[in-house]
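Enquirer: This is the structure I want to talk about, given as structure tokens.
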Amino acid sequence: MGLVQADDTIIITFAEEDAEAESLTFSEFLNKRREEIENAIIDYRKARTKTSISQGIGKAIIATIIAILSLYLLKKVLPSIFDRLRAWQRERLDSVEFQGLQFISGRQVAQFISFLFTVTRIFLVFLVFYIYLPLVLSYFPWTQPIGIKLLSNFWDSINLVISGILSYIPNLFIIAVIGLIAYYSIRFARIFFNAIGEERIRINGFYPEWSEPTYNLIMFFIIGLSGILIFPYLPASNSAGFQGISIFAGALFTLGSTAIVGNIVSGIVLIYTRSFQVGDVITANDKAGRVLEKNMLTTRIMTPDNEVITIPNATLLASDITNYTASIRDQQRPLVLKTTVTLGYDVPWRKVHEVLINAAKDSEGIIENPEPFVLQTSLDDFYVAYTIKAFTNTPEKMALTYSKLHQSIQDKCNEADIEILSPHYAAIRDGHQITIPENYLPSDYQAPGFRVESLGNSRKENNHNQQEQ
């Protein structure tokens with residue numbers, strides 16, 4: 001057994017097994033340990049000499065100057081970089097938009113850049129102090145262990161980050177490849193469906209208005225598939241926390257998206273059944289108006305009273321939809337407007353046909369070709385029902401056109417001395433003036449008088465007749 005002692009104090013003892021562990025003889029092992037201890041004592045004493053301490057002070061002063069210069073440069077350079085970044089943002093990235101929808105305004109982008117600048121400045125200042133402080137502490141023997149520990153922790157962290165990045169490069173390469181394939185697939189789909197929408201490419205049975213929604217569906221599919229393929233290559237994708245978040249998000253989507261999914265599916269069905277397009281005049285769910293907007297969730301229509309009504313697509317799909325514009329747009333066939341007038345049997349039907357057709361031709365909004373026509377739709381007990389059918393190319397003005405048509409029918413009937421009146425009333429109105437306005441009546445017109453008979457004379461005549469019989 002060997003030992004190391006100073007005066008009467010034993011510092012450390014060695015056994016022969018220690019020498020065997022290093023494949024040395026016991027005397028060689030003791031000599032090696034003695035040299036190490038002697039060198040350590042020499043270094044300890046040397047580090048505490050005035051010369052070493054003076055050198056430490058000098059190095060600390062140099063490090064302090066470098067740190068001050070670094071902070072000064074950060075103060076001067078960072079604002080300049082920030083100003084250039086702000087100028088680039090104002091010129092190139094005033095806002096973040098997608099398909100006309102603004103997600104981030106220019107003010108919010110500027111606020112984010114300002115926040116990024118503040119965070120970067122704080123981080124760099126912290127980094128300068130974190131390097132400066134351990135470095136200065138390592139120049140003096142009394143604080144050297146603390147400085148070395150801090151520097152060791154810093155470099156270990158840097159090495160850990162670098163090694164993590166280097167080990168993640170293969171996964172990053174796979175993600176980049178998937179992302180590039182997805183990006184150029186979406187670009188190709190955009191070009192292809194734009195060409196279909198502009199009718200530069202034609203596919204039988206595929207209508208140009210389907211190009212935009214089809215592109216959106218394909219883009220959604222490509223992005224979703226890319227996300228599924230990329231997910232396993234993300235950092236910590238196999239961790240319990242990541243999996244828990246995924247399960248929670250999936251459950252939340254499943255429980256809360258029933259109505260949303262129903263409306264989306266209904267919106268897709270409405271698109272591909274070509275029920276209506278933006279700008280069409282429709283009646284749906286007992287609401288009539290012009291379609292302002294159609295998306296995957298809802299449809300917005302404006303009524304003739306300028307009321308904007310939002311209808312969920314699922315509700316719209318479950319109701320009957322009447323489109324007043326489709327025949328004009330797709331088949332170049334005008335919309336038929338019809339209204340019914342009931343007149344007595346005493347009015348010649350040919351005259352009625354002529355009057356109603358002329359009334360339709362003189363109405364604003366009614367086109368001349370095809371010509372209006374009249375149908376006698378029923379022969380009732382007291383009157384005949386005449387239905388005038390006329391054509392228009394402006395279904396968005398349908399209410400006004402109907403009003404003009406009714407006004408014209410009244411004028412033309414008055415001019416032709418045709419009284420639009422229920423025969424039930426006409427049969428019992430002896431003594432009343434006709435309902436045609438005075439400006440349409442002859443100048444010598446007089447209202448008929450009442451017919452009055454004596455009940456007494458009528459009874460005597462009846463009795464006399466019975467006696468003669």
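Quick reminder: no glycine exception, Cβ is built from N, Cα and C everywhere.
Residues or ranges marked as domain 'Mechanosensitive ion channel MscS' in TrEMBL: 260-325. Annotation comment: TrEMBL describes 338-420 as domain 'Mechanosensitive ion channel MscS C-terminal'. According to TrEMBL, the transmembrane segment annotation covers 56-74, 112-140, 160-184, 215-234, 246-272.
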Enquirer: Near the transmembrane segment (160-184), which same-chain residues lie under 8 Å Cβ to Cβ, leaving out any that are not at least 6 residues past its ends?
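Expert: Same-chain residues near the transmembrane segment (160-184) but 6 or more away: 222-223, 225-226, 229-230, 233-235.
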Enquirer: Going along the chain, which residues at least six beyond the ends of the transmembrane segment (215-234) come within the CB cut-off of under 8 Å?
Expert: 171-172, 174-175, 178-179, 181-182, 185-186, 189-190, 193, 242, 268
Enquirer: Grab the same-chain neighbours of the transmembrane segment (246-272) for me: Cβ-Cβ under 8 Å, and only residues 6 or more beyond its ends, written as numbers and ranges.
Expert: 210, 213, 217, 294-299, 312-314, 316-317
Enquirer: So what's near the transmembrane segment (112-140) in sequence-distant terms, Cβ-Cβ under 8 Å and 6+ beyond its ends?
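Expert: Contacts of the transmembrane segment (112-140) (Cβ under 8 Å, skipping residues fewer than 6 from its ends): 53, 55-57, 59-60, 63-64, 66-67, 70-71, 74, 78, 82, 85-86, 89, 104, 146-151, 154.
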Enquirer: Give me the mean pLDDT over the domain 'Mechanosensitive ion channel MscS C-terminal' (338-420), rounded to a whole number.
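Expert: The average pLDDT of the model in the domain 'Mechanosensitive ion channel MscS C-terminal' (338-420) works out to 91.
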